[in-house]
Each structure stands twice: as C-alpha cells, then as structure tokens.
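Participant: Just passing along the structure, written as structure tokens.
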C-alpha cells in the first residue's frame, strides 16, 4: 500500500502533484485545477472510507485504486463523499463475470439461470465491477461503468431502492419523472426503428427508469454534448442534481486548446 493515496490532510498543491498520473485520463482532461483539487479531495476521502477488493487473482496497484476512486468521486465532486456512504466495499473482477439469477416469466413461473454481468449495485450492499470495463471508462465515449453503478447508489438514497429519482426536492419530482420517461420512450422508439445496434444511445436506458437514470448519467459525464442535444430537459435536471455542467466544462477546455495549441513535434537533422 502506498500511503500517499490515503493522506487527505496534505496541502492541496502537494496532493495534486501526487495524483497527477492518476488524473491523466481523457475523461478528466476538461477539469481545471480547482476542479481537480476538489475531485482529488473527494477521491481521497473515498479511499479512506471504502475497501477495494480484487477477485480472481486481480492485482490492484495504487494507480489503479487512485483512478477508480477518481471515477467514483466525479459524480459527487460537488455533492461530497457522504453521498456515496451507502456502501463500504467494491468487489472487482478482472473481466465481466457470471452470476446465477432467478427470473419470472409471463405465467408467473420462476426459472433459474446464469448471465454475464459487467457490474452490480446491491441494495444495502457492495458495488461489483470488473477491471476490463473500468479501463474502458477512462475516455469520453459515453460509456462509464463506475458512474453507472454510482448513479444507482445515489438513486437508492431516495427510499432505499432505485426508481430513477435520486434525492431531489418534492416539487421537482413530477417533471423529473416526466422528462425521464420521455427519454425512455424516445430511446425505445429509436430502437424499434433502427434496432439495438443502430441506436445512438445504449438501449439499456429504455429498460426502466432506474437504468435510464444510470445510463444517461454516463452520457452526462462522458458524452455531455450527446445528452444535451438529445434530451436537453434531462441534461438540465442532471446539472441541478449533480451541481455540475460537464458540457460547459468540455467547451471551456476545447476553447483553451484552440487558443493554446500544443507545440508541434520538431525533428532536427544533421
């Protein structure tokens, strides 16, 4: 265990320097320095509060743990680490895993079987992830397993079960549900027209309100231009709930790159 990762009481500048390598992933590139400092502060708290448990021979290096903590911290960067206090352990498989499950058919008969899962959030229990998909969550592609499962935990704070409505003001619930269901119906209509593979968003979002909230939270943080363009009302709801505006952050970063392009590689010849 490398101790610096867990020392949340260090000066911010020193702490940020130590986290520099962990922060160096595309998903976090748009964050400015104050945002990085807030993110690292929350991630440090989460590393102190949670146990990351590798399974099936997976070896978790300090860098891997730091990056995982940063991914968990991103959705609660402005809310605070306390918003993820509904679990204490994160179980991590090397790759998607097989689980036994029971399901009920239309006649009410219960069947048993197995399915391959990328992740799970257990009510009043741990989060289960796999490192293969965690690595695929480092970019700005619209896919983010960690944010998906964290969103389920945030959803569960509102009554102990996930229904697509996290803790928000009662006066906002009706319009939140209306806009979320509109998004679900719209995604399902697209699936009906072009099929699952041709849909512009993950078809899993059309499953139920809880999955819609979790999937659209992935887009909110890792493909905000797609979510805002497709469902602007949902995007605004999420801005208010998460207290962040990832699209504005992305545009700010892109503008800074345009104003200050990186130097071209030069080659000297003898």
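Using N, Cα and C of the backbone, Cβ positions are placed for all residues, glycine too.
The model shown is predicted, which means the values in this text are computed figures rather than measured ones.
The following feature annotations were taken from Swiss-Prot:
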- 111, 148, 152, 211: Zn(2+) binding site (BINDING)
Participant: Within 10 angstroms of the C-beta of residue 152 (Zn(2+) binding site), what count of other C-beta atoms is obtained when all protein chains are considered?
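Facilitator: Result for residue 152 (Zn(2+) binding site): 23 neighbouring Cβ atoms inside 10 Å.
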Participant: As a test of the contact definition, list every same-chain residue at least 6 positions from residue 211 (Zn(2+) binding site) whose Cβ is closer than 8 Å to its Cβ.
Facilitator: 164, 204, 205
Participant: Near the Cβ of residue 148 (Zn(2+) binding site), how many other Cβ atoms are there if near means within 10 Å?
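Facilitator: So the Cβ neighbour count for residue 148 (Zn(2+) binding site) comes to 25.
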